[in-house]
Amino acid sequence: MLQALYGAVESGLIYALMALGVYISFRLLDFPDLTVDGSFVTGGAVTSVMVINGIDPFTATLAGAAVGFIVGCITGILHTKGHINPLLAGILMMVALYSINLRIMGQPNIPLLNETTVFTVVENWWQTLNLQGIVMAPFEALGIAAYVPSSLDVLVAATILMIIVKKLLDFFLRTEAGTTLRATGDNQTMVRSFSANTNVYIVVGMGVSNMLVAFSGSMVVQHNGFADINLGVGMIIIGLASVIIGEVLFSFGSDKIVRTTLAVILGAIVYRMIYAVALQVDFLEASDMKLITALIVVAALVVPNWLGQTNAKQQYKKSKANAAKQKASQIETEGERGHVTAQSDS
Amino acid sequence: MLQLNQIHKTFYPNTPDERQALVDLHQELLGGDVVTIIGSNGAGKSTLLNTIAGSIVPDEGDVVIDGNDVTRLSEQKRASYIGRVFQDPKAGTAPGMTIEENMMISLGRTKRRSLFRGVTKQLRQQFREHLATLEIGLENRLNTKVGLLSGGERQALSLLMATFTEPKILLLDEHTAALDPSKEELILRLTRDLVERHQLTTVMVTHQMEQAIAFGNRLWMMDEGKVIFEANDEVKQDLTVEDLLDQFQAIRGKKMANDRALLTK
């Protein structure tokens, strides 16, 4: 069980890249982008094909991410230049990418089991540097070596990667261009009135978003040891669930960029943990996870509304009660005044 | 500073809804001129403002700002010459972003946005100084989300953002109309201060005749897409609301059809 949770953290860190991508499109640009389902696989497809052709896995991963950037830009252009509704632009790209992904892969499934991937490279480094012994020593001294994750190397590498990506993204989103990009999703008219070409910001933003998604897909493929044409089905909802879980659990009311990106990453990890637990429970199957994910998103979207409504209702009742009270007291005082004048008359 | 040469604009041409919004409009503003525009509903005030801003492209004629023909320039490119405050206090600011971030975006009006850190310490100090001139305490709330500000505060911020980078032309589109009277007074005072401080060439559309008379050095009365009455400097100083209404009736042979204008005279 414990090792399963470590595994969840590991893949959570990798899926967090995708969640950050979804966060950019959904939250920052206010663009519900369904391209994700396709671009996730595209990243994985490009990387896996390059890897089985003997190309260096790091180059292959970067190439996957780069193709994701292009794909995202196309969705952005469809929307800004083609004036296609964002949702439809995303769906069109998703459908188109299914065929393109198949073309890239040449077959619906590519196994990578005996190939050199970024993870095997990291593992080799780890062994040549003999880090395992050094890191394990304190745990062994404490006698808790059994509780240490079995694939510590992957966990450490994924954490470092995530920190780098997060720092880069935080920096970008607070640059002049990044701030304007965020404002584009907030109030486009205003951004245009300050002489910024919002179309460029939307296209580049979608590019960056899908670059992260494809990067994630490329890493997931190497982590799983195979690429599959259906890997991306429902990915957008998983990303959204991660973003929402993160915002609810870890943002603590702050919506500063630095805090929110951290929340999204942690949200992705928590999502994977829920997934891992669901796999351990007898009456649930792995295939039920999509349903659970959808339910999480529905709940996250609906519950705040309900709460808001009941709050509003309560406030309304309260103000009504107050008004009634005031009226009552007014009548009372007026009644007294009437009484007094009546007396003075007599 | 601003030249409008023979501008024509017809909406829905060749349909039963055809409407001439601007007819052979020919006007010029010199640097530092502040013109207020009044007129009935549908007189073409907003169309004129949108034509200057670039959200409407005229059918004929051209718009020249500071010697540059901007008629074919897109709205966002033209915005580098133009500061604009909308009627809706929500329109001029990004609600989900902080005051300092909003101001930083407005700074980009005149220059290319870089990939360097947006809000620097130095900029923050500058913003604070500018905000302090509004005297409504915004300088101490740089990290507040703009969405949490009141309508008046948001409009004051929009006004500052539109002016402090010293645009060639400032467009004010009934920018006090959506505020309650006390806030309206504040915004009007701030507008006067900022326009004077930066010596801005300003076009202000208003529905309040008194405001139109009291503000600026020129006044245009519009009807059916034309400027039917103009008052400059001295003439404008002695103008009264009754004069304006009489003028309108004398020229048009009808009462000014603007309920709001009459109600607020």
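Backbone N, Cα and C define each Cβ position, glycine as well.
Listed in TrEMBL for this protein:
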REGION    A:327-346  region 'Disordered'
TRANSMEM  A:12-29  transmembrane segment
TRANSMEM  A:58-78  transmembrane segment
TRANSMEM  A:85-104  transmembrane segment
TRANSMEM  A:144-165  transmembrane segment
TRANSMEM  A:200-223  transmembrane segment
TRANSMEM  A:229-250  transmembrane segment
TRANSMEM  A:262-279  transmembrane segment
TRANSMEM  A:291-308  transmembrane segment
Across A:12-29, A:58-78, A:200-223, A:229-250, A:291-308, the most C-beta pairs under 8 Å with the transmembrane segment (A:262-279) come from A:229-250
When each of A:58-78, A:200-223, A:291-308 is checked against the transmembrane segment (A:12-29) for Cβ pairs under 8 Å, which one has the most?
A:200-223
Short question: which residues 6 or more past the ends of the transmembrane segment (A:200-223) have a Cβ under 8 Å from it?
10-11, 14-18, 20-22, 24-25, 28-29, 31, 33, 35-36, 39-48, 51, 57, 60-61, 64-73, 75-77, 79-80, 112, 117-119, 154, 165, 169, 172, 177, 180-181, 184-185, 191, 231-232, 235, 239
Could you give the residue numbers and ranges of same-chain residues that sit at least 6 residues beyond the transmembrane segment (A:144-165) on either side and whose C-beta is under 8 angstroms from one of its C-beta atoms?
2-3, 6-7, 9-10, 13-14, 16-17, 20, 119, 122-123, 125-126, 131-132, 135-136, 212, 223, 265
So what's near the transmembrane segment (A:85-104) in sequence-distant terms, Cβ-Cβ under 8 Å and 6+ beyond its ends?
31-39, 41-42, 45-46, 49, 71, 74-75, 78-79, 229
Are there residues at least 6 beyond the ends of the transmembrane segment (A:229-250) whose Cβ is under 8 Å from a Cβ of it, and what are they?
15-16, 18-19, 21-23, 26-27, 33-34, 36-41, 44, 98, 101-102, 105, 108-109, 213, 217, 220-221, 259-260, 262-268, 270-271, 290, 293-294, 296-297, 300-301
